[in-house]
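Have a look at the structure below before the remarks.
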Amino acid sequence: MSNTTVAADRDLFGYDPSVAAAAVAMLAFLFTGVAHSVQMYFYRPCWYMILMAIGAFWELIGFGMRINAASHVTSSTWFAAQQSILILAPVIVAAGDYMILTRIIRHIGVEFSPVNPKYVAPIFVGMDILSFVIQGGGSAALVTAKDQSTLNFGLYSLLAGLAVQVFSIACFLLLAVIFQRRARVVPGYKWRRLMAALYVSAAFILIRSIYRVAEFAQGFLSPISKIEGLLYTFDTAAIFVALAVFNIVHPGNILVAPKEGDHVYSMSNRMRVNP
């Protein structure tokens, strides 16, 4: 980093970072973050959607730091700070996806899920927290690195945390598919629209995570990391879609907050709906 021979007095980006692109990203995440905040106010039972707003505002802060880092391309502090925020923000968005599926399962019918909904959030949010902690440790190592070994530790930690996130999201998508397949007897199209939105959000987070794994797998300042267009395509745009899809298809328009252990559709009323 700045105090080592690893990256001292050199451009840490490997290219001229676009301030305009970062500013557009800031506006995009400001829009979806404010929208989620307003929607959360109108749909008060959907308190869990605060995770989406927080994720959006973290992205906003990250790109604000990136704009400043663009003026200090040899500063390891600003480079690592913007990198850390942009790496960690999607973990929060993924946690929002996990909470949404938990609510859908309780709303449609717990008997359709291979995993009890009371365990869904703890399992996947727990993996999310593990991923967050590992990546956070890696990010901290990058910020404070004064030698090559610390830098490598930070990179490997980020890679491990991202691998945990990829595994978690892949398992989550599998659970969602199994649940929807079992619940295909449940009438109604609105909850299916919400499931489609969930698939879109989770899939784009997965794409983004795979991109980051590929980036860090090749080491610090990898060839992939030197192509700014890839960042805005497979990270920025992907996370924006993962957030914005729920501005369009919001759980508050579809799910009525259930009581603990309750749901709208059950094995007993299925016989009445589909005699």
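The backbone N, Cα and C atoms fix where each Cβ goes, glycine too.
Curation plays no part in TrEMBL annotations; they are all automatic predictions.
Among the features that TrEMBL reports, transmembrane segment is placed at 12-34, 46-67, 79-100, 120-143, 155-179, 191-211, 231-249.
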Practice task
For the transmembrane segment (191-211) and the transmembrane segment (46-67), decide whether they are in contact, meaning at least 3 CB pairs lie under 8 A, counting pairs 6 or more apart in sequence.
Solution key: no
Problem - Stretch with greatest number of CB pairs under 8 Å, the transmembrane segment (231-249) reference, 12-34, 46-67, 155-179 candidates - result: 12-34
Fill in the blank from the handout: Same-chain residues at least 6 beyond the ends of the transmembrane segment (12-34) with a Cβ under 8 Å from one of its Cβ atoms are 52-53, 56-57, 59-60, 63-64, 66-67, 69-70, 73-76, 79, 221, 225-228, 232, 236, 240, 243-244, 247
Problem - Residues of the parent chain within Cβ reach of the transmembrane segment (155-179), under 8 Å, 6 or more residues beyond its termini - result: 87, 90-91, 94, 97-98, 101, 104-105, 112-115, 120, 124, 127-128, 130-139, 141-142, 195, 198-199, 202-203, 205-206, 209-210, 212-213, 216-217, 219-220
